[in-house]
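Comments concern the structure below.
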């Protein structure tokens, strides 16, 4: 019986729908794990073959058939090593989320996921079934009994306990667990608890990469049979993680493992957003992006994110001044572009704005200017930016933040124009925090201090500031965090110390702007409750509370 078992954990990105390419890569990685790392077992993330989440691709018989052919091809290419590969298995009229054990050219066993998450961003019960006969997978490698579970199974005590009862002392857990603030500490605590409950050693592998609004952070870990969690692998990093499992002590010895100890929340959020932009562009065929740069904090932060994601040479900033644009705004935009090495173009919106006013003048005769004229300026900018992206290629990044999306402080078909919204799940107060943090991690100031310290303004009328229409952001974001992220009631929010009139004003804005959010571009989820697939409120909604 061997003293140790070498495990190679493939913390890589496997794009959704790219079945043939993923299969080729999995085969190549299996060979690399065997030949270069000397691994006895190689494991891949949850649904690595199809990518996660495949969503309604799982309703297409042809897609499932393609996955079946691909897993057989991977199995046929697997020799001299055991591979654990996640994929969607069709069995008659039902589909299972499975991990198959491949060895010696064939599928040896297949484990079917037992706990299907159906909350927040997850809707696995829409697609998958649980095997009514139950599922347990335990196999031996070099005399070591190894079990398999999948992601959500570990959040319940019974699946791991059952696997250990089946003889497993080491359990491999492939995952597709998206990032959100505080997730790392939550995962580590859970893993330690499960290991202590059962005495099992756990190899927890998470996928990495951006998929539309989800960003998977990797941060894979191993936990010994005493509940000790080894420092997590670098978050948002594509890498091999190779460990030796020492059977006599039920512990792991890392051989190839780029670990991280303490990483700040701001650093993790930054990496998540950068990876979200990077992968959204790469997976949708965009090599460059456009950013409308106003001299304000939101667009400045988006520009810095874009540069970190794609490089300065793939980013073009555009100033779009109007009669209300302060000279300081133009200067700060130019300062940032010079500092980051970004090309800056300037297109004045006055001719477009004046043309719209002239065209609408006869219909608007006798009516006082209001938000309509302000929105015309924003929509003039949207038309110009979309035209540039259309003519020269590239993706327009929109610059709104979560506070603005929540209360509708954004112009539909104006500053909401764009294909991806990097700040969509980041409140305005967090925007300032991230900007200040980003300036501490490099010699070059990514965001001019003048941008950070000036009062926020849409500059759509003279002497305008955001606080003309909204409570101070620390108040607004506090209310929104309780209402949106924590689903607290009006009464609970007032009891937390916020004035009833302000609470009513903010909650009404959230309600009446649902229609705008339904038309907003996707953006990376970094909070426990992001707008989009995990907050599905009706647009036509009479409930208030």
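These residue numbers are counts, starting from 1, taken along the chain as shown.
Note that Cβ sites are derived from N, Cα and C of the backbone, with glycine treated the same way.
For 5-247, the entry in Swiss-Prot reads domain 'CN hydrolase'.
Here Swiss-Prot flags 46 as active site, proton acceptor, drawing on sequence analysis. Under DSSP, residue 46 (active site, proton acceptor) is assigned to coil, being neither helix nor strand in the three-state scheme. Sequence-distant neighbours of residue 46 (active site, proton acceptor) (same chain, six or more apart, CB under 8 Å from its CB) are 52, 86, 97, 99, 150, 151, 174, 175, 176, 207, listed in sequence order.
According to Swiss-Prot, the active site, for glutaminase activity annotation covers 113, on the basis of sequence analysis. DSSP assigns residue 113 (active site, for glutaminase activity) to coil in the three-state reduction, outside any helix or strand. Counting every protein chain shown, the number of other Cβ atoms lying within 10 Å of the Cβ of residue 113 (active site, for glutaminase activity) is 27.
Among the features that Swiss-Prot reports, L-glutamine binding site is placed at 119, 177, 183. In the three-state DSSP classification, residue 183 (L-glutamine binding site) falls within a helix. Within its own chain, residue 183 (L-glutamine binding site) has 177, 217 as residues 6 or more apart in sequence whose C-beta sits under 8 angstroms from its own.
Mapped onto three states, the DSSP output places residue 151 (active site, nucleophile) in helix. What Swiss-Prot records for 151 is active site, nucleophile.
For 269-545, the entry in Swiss-Prot reads region 'Ligase'.
Residue density at residue 294 (ATP binding site): 26 other Cβ atoms are found within 10 A of its Cβ, drawing on all protein chains shown. DSSP gives residue 294 (ATP binding site) a coil state; it is part of no helix or strand. Here Swiss-Prot flags 292, 293, 294, 295, 296, 297, 298, 299, 399 as ATP binding site, drawing on sequence analysis.
Per Swiss-Prot, the feature deamido-NAD(+) binding site maps to 375, 404, 516. Reduced to three states, the DSSP call for residue 516 (deamido-NAD(+) binding site) is helix. Sequence-distant neighbours of residue 516 (deamido-NAD(+) binding site) (same chain, six or more apart, CB under 8 Å from its CB) are 405, 408, 410, 412, 416, listed in sequence order.
Those residues of the chain, other than 375, 404, 516, with a C-beta within 8 angstroms of the mean position of the deamido-NAD(+) site C-beta atoms are 378, 400, 408, 409, 410, 411, 412, 414, 415, 416, 513.
Cβ contacts within 10 Å of residue 177 (L-glutamine binding site), excluding its own Cβ and spanning all protein chains shown: 25. Over all protein chains present, the Cβ of residue 296 (ATP binding site) has 21 other Cβ atoms lying within 10 Å.
Of all residue pairs in the L-glutamine-binding list (119, 177, 183), the one with the greatest Cα separation is 16 Å apart. Those residues of the chain, other than 292, 293, 294, 295, 296, 297, 298, 299, 399, with a C-beta within 8 angstroms of the mean position of the ATP site C-beta atoms are 291, 300, 302, 303, 333. Neighbouring residues of the recorded L-glutamine site, listed in sequence order and excluding 119, 177, 183, comprise 117, 120, 121, 122, 178, 180 (Cβ within 8 Å of the Cβ centroid). Separating the Cα atoms of residue 296 (ATP binding site) and residue 404 (deamido-NAD(+) binding site) is a whole-number distance of 14 Å.
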